[in-house]
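Data first, discussion second: the structure below is written as structure tokens.
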Amino acid sequence: MSDSEEEEQVSVLIVVPSAPGPSTPLTESYTYHSPKPTAPGPYMLGVDEAGRGPVLGPLVYGVAYCPVAYKDQLEELGFADSKTLTHEIRSSLLETLSSDPSNLAWSVEVLWYASPLSLTSLEHLLTNHFLSSSSYLFPSQDATIHLIRTVIASGIHLSEVYVDALGSTDKYQSYLSSLFPGIEFTVTQKADSKFKIVGAASVAAKVTRDACIEGWYFEEDKPTTEGEPVESKWSKGLGSGYPSDPNTVRWLKGAVDPVFGFPKLVRFSWTTVKVLLDKEARGVKWTDEGQATLVKAFESGSGLDKDRSAVTRDLHLSSVSVL
């Protein structure tokens, strides 16, 4: 990492109030809200996410909102799809989003239940057909609904909501409209490039997620019995967390443990991770696959061992009626 990159990383960790501290492990979902704006309504709100595709880290949903009358000023602030902006510009735009608290506000929800291990578990359920593919949208919908409800509960009068979404959007739009009558919903793909308020939400979500990754504190690094911190087993050069990032791929290759795989930060079901585990980690043979051996162990014996399973015989267990 160059000196300029290190300086940028430090600055991000300092200025992002919605991210955990550098010594705080991410162990549960949480929501951050900027101060409530005071300008009269009605308000418009945008929704977007960051972190659906990466191989590392959590999924983050963000909203941004401002008075409808503030729309012209918003158009001039430079908000856009965060993926098209540099790291530095995104960080600057988050400061812009916080610079006019009477008109501009934002919130993020960092989803721990949709974080690496849970996303891996969900992917496993989908792959093995225990869940329909539509179930994959539930965490995203829940986060969106929760953030909108929280804004309304704070006393903000929303009249327009714009949501960036994948796939078919008509049913999702109708569903949100039924939950929040009186609010005009627009649910569409690429909303972050079509509506500035969604671009602002995109920036809030992306900068928060970047700060989570850059300041990641590994939960597995347990302090000593005296409470002293220990040197991490893993380097901090995580990159962006996307499988296309050479820094992320390099970190993954150096982080794999031949027995335990990766820390919780990593989404085990992603192809990049599976390939590395197949190549670098030890193979595991499940001797009780299908539970045939387990079932046999509890079957009744014959002859002198009648009514006794292999487990009770091997452990020298007897019925209390015999004792």
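Keep in mind that glycine also has a Cβ here, set from the backbone N, Cα and C atoms.
Remember, TrEMBL labels are computer predictions, not curated facts.
Lifted from TrEMBL, the feature list:
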type	residues	note
BINDING	Asp48, Glu49, Asp164	divalent metal cation binding site
DOMAIN	42-282	domain 'RNase H type-2'
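The record gives Asp48, Glu49, Asp164 for divalent metal cation. Within 8 Å of the mean position of their Cβ atoms, the other Cβ atoms in that chain belong to Val47, Ala50, Tyr61, Gly62, Val163, Ala165, Ala191, Asp192, Val198, Ala201, Ser202, Ala205. Model confidence over the domain 'RNase H type-2' (42-282) stands at 85, taken as the mean pLDDT rounded to a whole number.
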